[in-house]
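Features as listed in Swiss-Prot:
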- Cys32, Cys57, Cys118: [4Fe-4S] cluster binding site (BINDING)
Amino acid sequence: MNAVIDIAPAPMQQGCGDAPVLHERGQREVFCGLAGIVWLHRKIQDAFFLVVGSRTCAHLLQSAAGVMIFAEPRFATAIIDDRDLAGLADANAELDRVVTRLLERRPDIKMLFLVGSCPSEVIKLDLSRAAERLSRNFSPRVRILSYTGSGIDTTFTQGEDTCLAALVPELPASEQRALMVVGSIADIVEDQFRRVFDGLGIGPVHFFPARHAGDMPPVGPGTRFVLAQPFLADTARALEARGARRLAAPFPFGAEGTTLWLQAIAREFNVEATKFVSVVGPRRERAARALARHRTQLEGRKVFFFPDSQLEVPLARFLAREMGMVPVEVGTPYLHRQLVASELALLPAGTPLSEGQDLERQLDRCRAARPDIVVCGLGLANPLEAEGLTTKWSIELVFTPVHGFDQAADLAELFTRPLERRTRLVA
């Protein structure tokens with residue numbers, strides 16, 4: 001059992017820690033940060049997200065969330081119309097009116113986010129000042145914050161990063177030694193991790209963001225935080241500015257990634273090796289057995305990642321090491337080397353890496369490689385399927401619970417399912 005659990009895996013040859021990266025600066029095809037509201041409004045259960053944007057923003061949110069507006073979801077769009085764009089209306093006065101009406105109708109709201117968009121940035125609407133002004137009117141009943149979900153030079157997962165970074169200055173101060181798990185994960189996954197931490201004797205443990213506005217975790221010099229998502233660079237910097245220290249680790253995708261993630265935490269909190277093995281061992285073995293069936297379908301297959309979610313590097317590591325797949329290119333919108341250093345060290349040596357997007361050039365390389373599966377955005381999937389390539393929507397890997405041991409097989413299945421579908425269609 002020790003051989004299974006006490007792993008400090010040698011990198012595949014020399015890994016990709018110092019590998020050259022192709023920097024692309026061309027045409028892009030990505031969703032904007034507003035997409036993050038879809039999972040954030042489910043995570044923070046008494047928060048409301050008010051997008052200040054266009055009808056296009058409203059259509060995107062409603063379509064992505066799959067929620068009809070008459071169901072009164074905890075998000076909405078304050079539409080910027082022609083009068084606002086022409087400067088004929090006082091946008092701040094209109095915003096105050098909308099917020100006042102919203103909070104009168106929805107007394108259950110405890111935290112309100114004013115979310116900037118491309119249109120609000122174009123007309124230079126200062127939502128941070130608006131949030132301060134409105135907070136004075138509605139405090140302490142409602143906390144009002146602002147962040148940007150604009151798609152200008154960003155990708156869709158950065159909406160969560162800017163949201164959490166805006167929350168960090170509002171967190172209470174604490175000197176207590178504690179663990180903070182940073183990044184939105186499904187409630188069921190959070191509960192699973194909490195049981196593991198309880199078994200290891202690690203505590204107190206806080207998850208950020210919390211499920212309720214009043215339960216946001218404290219932060220200070222005693223805080224040790226570990227990222228659950230690789231796209232939280234601004235949030236990590238904000239926490240470090242508050243005195244917290246980040247624990248470097250691979251991300252908890254797959255049996256190996258989850259074990260190494262927990263191992264980094266256990267080391268920091270001086271968990272005995274025997275206890276770690278007894279708590280983590282059965283869970284890892286169960287995950288490894290569940291993954292074995294999927295490995296037979298994926299081993300030796302080629303995978304190509306278009307830059308979209310910033311999950312690409314950890315997912316490539318999982319597919320290469322645990323599923324036996326061959327990454328022919330791993331493209332990511334932004335390569336934060338410091339955050340993914342542990343992942344890069346575990347990638348197969350010589351794996352082509354690219355940062356940014358030049359869509360036409362990447363399409364040419366993808367067509368030339370003829371991978372067995374392509375991980376890409378929604379806009380590319382159907383055209384590539386029409387060319388005979390099998391695709392997986394990258395946004396599905398964000399929406400689906402894929403962290404931890406119990407979800408490892410679900411993560412693998414997201415890649416086997418498109419291949420099975422293609423096989424049935426051909427037959």
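Glycine residues also receive a Cβ, built from the backbone N, Cα and C atoms like all the rest.
What you see is a predicted model, and the numbers here were worked out from it, not measured in a lab.
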Most Cβ neighbours within 10 Å, among the binding-site residues Cys32, Cys57, Cys118, goes to Cys57
Taking the recorded [4Fe-4S] cluster site as Cys32, Cys57, Cys118, identify the other residues of that chain whose CB atom sits within 8 Å of the mean position of the site's CB atoms, giving them in sequence order. Gly33, Leu34, Val51, Gly53, Ser54, Thr56, Leu60, Ser117, Pro119, Gly149, Ser150, Gly151
Reduced to three states, what secondary structure does DSSP give Cys32 ([4Fe-4S] cluster binding site)? coil
